[in-house]
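To start, the structure itself, in structure tokens.
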Amino acid sequence: MPKRNYDTAFSTPMSNVRRRLTFDTPLSLPATAGSVPASAKRRRWTNRPMWRKPRYYRLYRSPDVPRGCEGPCKVQSFEAKHDISHVGKVICVTDVTRGMGITHRVGKRFCVKSIWVTGKIWMDENIKTKNHTNTVMFKLVRDRRPFGTPQDFGQVFNMYDNEPSTATVKNDLRDRYQVVRKFQATVTGGQYASKEQAIVSKFYRVNNYVVYNHQEAAKYENHTENALLLYMACTHASNPVYATLKIRIYFYDSISN
């Protein structure tokens, strides 16, 4: 077979099949004769090596299981109705009992990969008739050195004129408390522009590594490192707000237990 000359070899465009394999997504490839679902599964980006995936997958990748942990993914829920006032309230969201179930920790160490806060804030019949606007400030805080009982909102945060919207962690506590996430929700009372309830739905990835002592009970006092606390406070001084929340954490056990 005679060889092609230089002009023919380098001026002929690349074949369509090769161009598609190089630049297009696998889902845009033409279906071959006698193709089966296994071939479509084999062409997905998730089943290809990292060097053959698009650049997006190489830059923004995160493992399903946190570093130093093992599956399965466990879950723990905290469901309660809270009375949120101007002075604030705090709850610990890493209270997990030691055990062998899907909602228990197997040892002292586990990692909270993500947290989901869902529910609503609302006003009762007597408060929603008053003309006012009330905003609830939520702050998810990491306590690096838990001890005793959780500190109150005013003990952790420095506020100007006792206003929760101006709350910042006190200077002498910044090495212990870290605000991981913060969000807010607003309700309005009155006769005309009334909004008596507001939906709260927040999902955050935190990757917080929690350490317990040798005790089995799910208590704040049994934490030794990195407890997660949810602080809540409303901006109105005289009208409280009720919060019906379901807080769910997704965590993995550490391989060093």
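Along the chain as shown, residues are numbered 1 onward.
Every residue gets a Cβ built from N, Cα and C, even glycine.
The average pLDDT computed for the motif 'Bipartite nuclear localization signal' (3-20) is 52. According to Swiss-Prot, the feature motif 'Bipartite nuclear localization signal' maps to 3-20 (among others), an assignment based on sequence analysis.
Taken from Swiss-Prot, the feature motif 'Nuclear localization signal' applies to 41-55, supported by sequence analysis.
Note on the zinc finger (69-86): residues 93, 95-96, 102-105, 110-111, 113, 121, 136, 162, 164, 232-238, 240-255 of its chain, located 6 or more positions outside it, place their CB under 8 angstroms from a CB of the stretch. The feature zinc finger is assigned by Swiss-Prot to 69-86.
The motif 'Nuclear export signal' annotation in Swiss-Prot covers 102-123. Packing against the motif 'Nuclear export signal' (102-123) from elsewhere in the chain are residues 66, 68-69, 72-77, 84, 93-94, 96, 134, 136, 138, 140, 185, 187, 189, 196-214, 224, 228, 230, 239, 241-254, 256-257: each is 6 or more residues past its ends and has a CB under 8 Å from a CB in it.
The feature motif 'Bipartite nuclear localization signal' is assigned by Swiss-Prot to 201-248 (among others). Under DSSP, the residues of the motif 'Bipartite nuclear localization signal' (201-248) split into helix, strand and coil as follows: 3 helix, 31 strand, 14 coil.
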